[in-house]
Amino acid sequence: MGMRMMFTVFLLVVLATTVVSFTSDRASDGGNAAASDLIALTIKGCCSRPPCALSNPDYCG
């Protein structure tokens, strides 16, 4: 393989790695935010109070 071809393959690998890393990072951001909200509501005791639990059914189940 020539140097130009090896360099092109290297650039493609770097680009593919960057794209996969970027999209997987963005996908996990939503999960992290939801977990943080659930922890905050639980710590504050929201789920034990009926009005709060009714306004947050996604978190209090």
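Numbers run from 1 along the shown chain.
A Cβ is built for glycine as well, from the same backbone N, Cα and C atoms used for every other residue.
Look at Swiss-Prot and you will find CYS46-CYS52 (among others) tagged as disulfide bond, backed by similarity to another entry. In the shown protein chains, 15 other C-beta atoms lie within 10 A of the C-beta of CYS52 (disulfide bond).
Annotation comment: Swiss-Prot describes CYS47-CYS60 (among others) as disulfide bond.
DSSP assigns CYS60 (disulfide bond) to a helix in the three-state reduction. Residues annotated as cysteine amide in Swiss-Prot: CYS60.
According to Swiss-Prot, the feature signal peptide maps to 1-21. Panel annotation: around the signal peptide (1-21), no residue of the same chain lying at least six beyond its termini places a Cβ under 8 Å from a Cβ of the stretch (none).
The secondary structure of LEU54 (site 'Direct interaction with nAChR alpha-7 subunit'), as reduced to three states from DSSP, is helical. With a cut-off of 8 Å between CB atoms and residues at least 6 apart in sequence, the same chain places nothing near LEU54 (site 'Direct interaction with nAChR alpha-7 subunit'). What Swiss-Prot lists as site 'Direct interaction with nAChR alpha-7 subunit' is LEU54, and the listing cites similarity to another entry.
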How long is the line from the C-alpha of CYS60 (disulfide bond) to the C-alpha of CYS46 (disulfide bond), rounded to the nearest angstrom?
8
What count of other C-beta atoms do you get within 10 angstroms of the C-beta of CYS60 (disulfide bond), across all chains shown?
17
